[in-house]
């Protein structure tokens, strides 16, 4: 924690209580109508996304020695505040644009998907921010994310299920932009160090994310949910195999480096999120998973040694090559399939 945070430590609970009071008042005025419509999202699918956001990213962010336990708690705080804020902002858009309201389960499912962008951004600034800054970043990023998604939907005619998938791209580069505003910790600082225990817990979070990623990509699909799940699983499988292969090929002793595997096994799921409903054959998803994993492993070398020092960017958990690069690849693949 920064030294300035100590002066505001007593104000943190009051800030949280103030935000919650505002949310309750807004919910009273915006959600006074009844909602008895049947949900298009099953409760099991919502639970998969909820487990992924809470458990997966909660453990994924435990890689730092000093913030191992607190990062899991920060993740829960960000998620529960961000989901309420996301539902309110989207409901406000529905009210202003006079769009028919959706059922409650689909709202919180979309809010859980939206908050993924904030959690990804947290990985880029973890160790340099305090809870006050994280809470403010959550509120601001959720507002900007919904504005970005509204522009994509209204002017670019991007379908809702695909429009939600740019959370990886948005979260990665928003987090890098926020990270550039803070000074980089010393390489020998305790804030940058990790332990075998923290690395193991972070790898456990990666396994949670890997297991639930097909549900994450398919939760908002209406007609082709089975196809999205099918293609996502094959992309994840190939990216995992490629991660182990390139990890051994890029090390001098030929051993696996869990740092590579930790980030590259998820690359296929990120890349195929845009195109999973349009891919007709699984070999296309497998190629995307392979390319995404290769880009992630090679990008970790190039960014950490060349680009990040030149641009003075400090990426705590490597969200640039874990989520940013594969998301760019997925967006380009979507453009190619549309053309």
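Each residue's number is its place along the chain shown, starting with 1.
Cβ coordinates are placed from backbone N, Cα and C, and glycine is handled just like the others.
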Annotated transmembrane segment segment (source TrEMBL; candidates 43-64, 153-174): 43-64
Of 12-31, 252-271, the range TrEMBL labels transmembrane segment: 12-31
Intrachain neighbours beyond the transmembrane segment (283-303), with Cβ under 8 angstroms and 6 or more residues off its ends: 231-232, 234-240, 242-243, 246-247, 250, 259-260, 263-265, 267-268, 270-272, 275-276, 315, 318, 320-322, 325-326, 329-330, 333
Contact between the transmembrane segment (108-127) and the transmembrane segment (43-64) (at least 3 Cβ pairs under 8 Å, separation 6+): yes
Close approaches to the transmembrane segment (12-31) from elsewhere in its chain (Cβ under 8 angstroms; 6 or more beyond its ends): 77, 81, 84-85, 88, 91-92, 95, 131-132, 135, 139
Distal contacts, the transmembrane segment (43-64) - CB-CB under 8 A, six or more residues away: 71-72, 74-76, 79, 105, 108-109, 112-113, 115-116, 119-120, 122-123, 126-127, 191-194, 198-199, 201-202, 204-206, 208-209, 212-213, 215-216, 218-219, 316-317
